[in-house]
Amino acid sequence: MVELRQFSDLPIALSGISRIADPSPPPPVVAIRRRFKGGGNTRRIVFSVPLIFAFPFPTGTPKDVLVGIAAVFDGHSGSEASEMASQLLLDYFALHIYFLLDATFSKELTGKLPNSLMHLYDLDSQRFQDSLPLNFHLDILKEALLRAIYDIDATFTKEASTRKLDSGSTATIALIADGQLLVASIGDSKALLCSERYETPEEAKATLIKLYRERKRNQDSSPSRFSDLKLEHRTGLMRFIAKELTKDHHPDREDEMLRVKAAGGYVTKWAGVPRVNGQLAVSRSIGDLTYRSYGVISAPEVMDWQPLVANDSYLVVSSDGIFEKLEVQDACDRLWEVKNQTSFGAGVPSYCSISLADCLVNTAFEKGSMDNMAAVVVPLKSNLDWESQPKEQSVGPSGFKMKNTYALPCEFLSSQPNLFRMG
């Protein structure tokens, strides 16, 4: 039996169960934010949801594993693909975890588990638990996510074929569990880490000069303030360094272009952007049925589980519009400025005091980005004790247990009213 606990203030439909959490407000500390700009006939949908799943461990008792999910779906040629993907992800992900665990213990396999688990099937229940590898739950989470993505695309493909839909969507999904991070991406939405790194006085000086010049262009700093900064950081500087976790699936990428050409498609630029058959700007997507016969695929590229370390400070998941005018390092520089606003507050725009995601979206907007934009910023250094928070339980006919709590503070802002509630 798999136990699913839901942290949020949003209704989630799971195998016929619809559960709305207690309406009392979450704690005042906000850990996750996201923000939208832009309009048109496409939708940039983001969400971040913490869940708890109970997994079997060698101790013989289930262990609660907190799983954070942050996702961005950036639609194009219509909103149908991004809407469906966001609606189905949590349900499909949870159900595949249930199916994989149930298949493992019942031995009534309806599919294949990861190869690393196959040799465990012939063991009895106790020996099975004793033989579980330490990363058993991570294997299950990864496989469930990949199967969920596959099923989302299959479901939308059927719907699009029936309704003659042309829309498509990117998908960038990050999982955090047991201090490790996994990212699956389709298209050109990005995920990146901002991690602290010590800079020598010489490196720090170069950083401060760069920031000072940037602020001077924006008329939000003064020479006297820069002198103060040099004194404050004359012994060195802790700075955020960006690490990109995804690779854009653009058709001019060598491996992507080879696949497109092998399928009979071609890549050419239109308005300065490489496109499949002169039209589609990504070489992987959910939907986009017209281009499937020309090498456009929905298979995600996966950054497998990697440990988060003490200096990893923020995870950013965003649509590509954020980086139309910004580099990934610019995003981490802005977050670093906000974090150090005791020293740098004079140069941090007022909108950065609202939320970190607002800060990135509005920074990109002021830099001249013309695209729709969406972002999720997840602080990675929160020490909240979720076990100490009050919980309530509801058991549905499917056997799923869903527990709701505000142990991890989240604020949901979404353009999708049937999945998320503004408040």
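Cβ atoms are placed via backbone N, Cα and C, with glycine included.
Binding site for Mn(2+) 2 per Swiss-Prot: Asp320, Asp371, plus Asp74 from the candidate set Asp64, Asp74. In the three-state DSSP assignment, the secondary structure recorded for Asp371 (Mn(2+) 2 binding site) is coil. Taking the binding-site residues Asp74, Asp371 in turn and counting surrounding C-beta atoms within 10 angstroms, the largest count is reached at Asp74. By neighbour count, meaning other C-beta atoms within 10 Å, the densest spot among the binding-site residues Gly75, Asp320 is Gly75.
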